[in-house]
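A.B. asks: Below is the structure I would like to discuss, written out as structure tokens.
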Amino acid sequence: MKQRLSLAQSALEKLSARRGNTWYPIFHLAPPAGWMNDPNGLIYFNGRYHAFFQHHPASAYQGPMHWGHATSTDMLHWQHELVALAPGDKYDRDGCFSGSAVDDDGVLSLIYTGHICLEDRGNDSIIREVQCLATSHDGIRFEKQGCVLTPPEGIMHFRDPKVWHEDGSWWMVIGARDASDNGQVLLYRGTSLRDWHLEHVLAHSAAGESYMWECPDFFRCGNFHWLMFSPQGMNPSGYRFRNLFQSGVLAGNWKPGSVFALKGVFEELDYGHDFYAPQSMLAEDGRRIIMAWMNMWDSPVPTRSEAWAGCLTLPREVFERDGRLCQRPVREVESLRRKCQPLSPVRLHGVQLLTENVQAAELLVTWHTVDSHAEHYGIRLGEGLRFYVDNQAGRLILWRYYPEEGLDGYRSVELPDTEYLTLRIFLDRSSVEVFVNDGEATLSSRIYPQADSRQLSLYAAHGDAILTDGTLWMLT
């Protein structure tokens, strides 16, 4: 593998030399160049946070999957490390697909899916997927240990292992597609990272509901266990499931040796255009943190012209509130704040310019919804992004319009039935993330404003809106 890693690193360095920065993020993790998708192997290990990710170092297009690697002390300022894994062995010939990382008695261990195309590359109707192990004593350079788990009889799609240690055993959840083309998550138990046996199917889709459940994660938070996964093949329903693929959670009760007793239905984790394959880790202080890929399959990728593609969301702390899994930005984001601009309370009618040129910012605003009678009101960035309250529809709308990049359309969530609406909005060069009422809902989307279209404004149309409080920070 050493030669393949060297070639991958060399290709990445050559591509990095011509990377453009028009839309390259200031405070989100993105590849130094090349392609990025799923976050992998999120872990706090030996005093640093590690984020691995699906990566093609040779181009800004999806290719044979490698594992990129970055480390941080605060989950915000990332240092890119050497490419961690490169495909090419008999068990991962066509890709080192997604997986997780654990601390095995001081050894940083990666458990990942080895992907093999049995016919043409890219034809996923005839593939073989197995689970593999790689280990490192310094946390940077990894040695492959080979295949440690093969799929059950009759299962071809078998990927994205998430591993943890509990009750004296190793546990693993894996996404799968059964013989009837229904998604499911399999639960395994191990005496070591090399010795596994199947416990049972932890959860599965209803017949015809979705054909594959990718990137599962399983953890306790608050009063419930949460199965987090990314189903493929769900049909749109009203305002729901509008992206090509979804990501969300099932809540229930579980303990080692028991079944997962569901307590509700599948709930999406994010309602924007771009959120997929979230993975969790425990922070140094025990907070449960998730990060996701902030893109969507089959969406336009304008940054390819700048030799890079893909980024991750802000790290988010998840917590349970009234039986729902909520998200808020990790408190470390406050360290990014620089220039502070308080916003005075105002009865807004028309447009109020906040700043002429936003590269990276956090906007915190509170609206008095009961006395805000405008047809719609909120924020806008240039001519291409609006996030607003639609009083007639009773919804919060995230609308983006970049026709030159092939992007147009909106996503939305129901307007909370509260007297006050608090929005915490993070803008980076090519992304927006909105947190509604301290994590009650989130919306994440990629945006592509031109240099002359970064004016940030508040507005109210066809009536007044009452802003009760607000602050704008520039971020670095």
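Start at 1 and count along the chain as shown; that gives each residue its number.
Every residue gets a Cβ built from N, Cα and C, even glycine.
Feature list, courtesy of Swiss-Prot:
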type	residues	note
BINDING	Trp35, Met36, Asn37, Asp38, Gln54, Phe97, Ser98, Arg159, Asp160, Glu214, Trp297	substrate binding site
ACT_SITE	Asp38	active site
A.B. asks: Across the listed substrate-binding residues, Trp35, Met36, Asn37, Asp38, Gln54, Phe97, Ser98, Arg159, Asp160, Glu214, Trp297, what is the farthest Cα to Cα distance, given in whole Å?
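C.D. replies: Per the listed residues, the maximum Cα distance equals 20 Å.
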A.B. asks: Gln54 (substrate binding site) has how many other Cβ neighbours within 10 Å of its own Cβ?
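C.D. replies: There are 25 of them.
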A.B. asks: Identify, in sequence order, the residues in the chain of Asp160 (substrate binding site) that are 6 or more apart from it along the sequence and have a CB within less than 8 Å of its CB; answer 'none' if there are none.
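C.D. replies: For Asp160 (substrate binding site), the qualifying residues are Asp38, Phe97, Ser98, Gly99, Thr113, Ile174, Gly175, Glu214, Cys215, Pro216, Ala277.
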A.B. asks: Look up Ser98 (substrate binding site) in the DSSP assignment and reduce it to helix, strand or coil.
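C.D. replies: For Ser98 (substrate binding site) - judged by DSSP and reduced to three states - the answer is strand.
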A.B. asks: So if I draw a 10 Å sphere around the Cβ of Trp35 (substrate binding site), how many other Cβ atoms end up inside it?
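C.D. replies: Step by step: centre on the Cβ of Trp35 (substrate binding site), count other Cβ atoms within 10 Å, giving 26.
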A.B. asks: Could you check the binding-site residues Asn37, Ser98, Trp297 and say which one's CB has the fewest neighbouring CB atoms inside 10 Å?
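C.D. replies: It is Trp297 that, of the binding-site residues Asn37, Ser98, Trp297, has the fewest other Cβ atoms within 10 Å.
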A.B. asks: Taking the Cβ of Asp38 (active site) as centre, how many other Cβ atoms lie within 10 Å?
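C.D. replies: Asp38 (active site) is surrounded by 25 other Cβ atoms within 10 Å.
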